[in-house]
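Have a look at the structure below, then the notes.
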Amino acid sequence: MNVSPRPPLPQGPYLLCDDSIRPELPLVDKAGQLLQGGARMLQLRMKHTPPREALAAARAVVALCRRAGAVCLINDRVDLALLSDAHGVHVGDEDLPPEAARELLGPGRYVGVTARGTEGAKAARAAGADYVGVGPLFGTTTKVVQAPVLGLEAFRRVVAESPLPVVGIGGVGLTNIASVAATGAHGAAVVSDALLAQDIAERVRQLAAAFDSARGTGL
Ligand SMILES: Cc1ncc(COP(=O)(O)OP(=O)(O)O)c(N)n1
Ligand SMILES: Cc1nc(C(=O)O)sc1CCOP(=O)(O)O
Ligand SMILES: [Mg+2]
């Protein structure tokens, strides 16, 4: 398979297309609505989807993203990322190590890694990651995370000290995404706030406008 050169990692809202929120809505429909709202950066997170269905969903969602000019990463699954020609993966402590993901994906795709602080971000850089997802930034009910909530001040320090671009995750939504952008974070990952919205596309537009209005202001 030809690996097209990877686009720059988009700044701003980083939308997760997740099968645990509104499971009745097909993943490809969720992705379509996120993209309709202008999502530039999407991660397909499938914790409850059987393998064959997950492969079909990955192929469909990656194709949609590529058509829209958006970057699409697959959560956890390097095999699905390769089979679907995704732009890369996001891995954490319970997944393949980042070095192995890089070995399989090569330099032309993204490897994102979860970090809980500055040391984790430095380790991720040494392991060949391209960015770190840092959280939980705020309290979240989407996932039970075995790490303390960071809060904005600790998060701001990680952003300042991280050798890699930082994407904040956990409890991020319209009410606080501007405060995340103001820290200088590269991105802000949003799961439930977007997928539970009555109008998902409109919510993505609002999230992007709020992020842009506060980007790097330090407020
Ligand atoms: C952008 C981003 N940051 C962190 C995570 C969490 O990944 P991980 O620790 O592997 O947990 P799961 O998402 O697999 O439950 C993420 N997915 N995205
Ligand atoms: C998938 C995930 N990872 C986290 C971490 O801190 O590693 S928090 C999280 C869920 C974030 O969902 P929401 O935007 O609905 O709060
Ligand atoms: Mg994972």
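Counting begins at 1 with the first residue displayed.
Positions of Cβ are set from backbone N, Cα and C atoms, glycine also.
Remember, TrEMBL labels are computer predictions, not curated facts.
Listed in TrEMBL:
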BINDING   GLN43, LEU44, ARG45, MET46, LYS47, ASN75, THR114, LYS143  4-amino-2-methyl-5-(diphosphooxymethyl)pyrimidine binding site
BINDING   ASP76, ASP95  Mg(2+) binding site
DOMAIN    14-193  domain 'Thiamine phosphate synthase/TenI'
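What TrEMBL annotates, mapped onto the structure for a quick look.
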residue	record	DSSP (3 states)
GLN43	4-amino-2-methyl-5-(diphosphooxymethyl)pyrimidine binding site	strand
ASN75	4-amino-2-methyl-5-(diphosphooxymethyl)pyrimidine binding site	strand
ASP95	Mg(2+) binding site	coil
THR114	4-amino-2-methyl-5-(diphosphooxymethyl)pyrimidine binding site	strand
LYS143	4-amino-2-methyl-5-(diphosphooxymethyl)pyrimidine binding site	coil
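LYS47 (4-amino-2-methyl-5-(diphosphooxymethyl)pyrimidine binding site) sits 9 Å from ASP76 (Mg(2+) binding site), taking the C-alpha atoms as the reference points. The highest number of surrounding Cβ atoms within 10 Å, among the binding-site residues GLN43, ASN75, THR114, is found at GLN43. Other C-beta atoms found within 10 angstroms of the C-beta of ASP95 (Mg(2+) binding site) number 17, with every protein chain shown included. When the binding-site residues LEU44, LYS47, ASN75, LYS143 are checked against ligand 2, LYS143 have a Cβ within less than 6 Å of one of its atoms. Closeness to ligand 3 is met by ASP76, ASP95, these being the binding-site residues among GLN43, ARG45, MET46, ASP76, ASP95, THR114 whose Cβ falls under 6 Å from the molecule. Listed binding-site residues: ARG45, LYS47, LYS143. The one with the lowest count of other Cβ atoms within 10 Å of its Cβ is LYS47. ASP95 (Mg(2+) binding site) is 9 Å away from ASN75 (4-amino-2-methyl-5-(diphosphooxymethyl)pyrimidine binding site) when you measure Cα to Cα. Residues THR114, taken from the binding-site residues LEU44, MET46, THR114, are distinguished by a CB atom under 6 angstroms from ligand 1.
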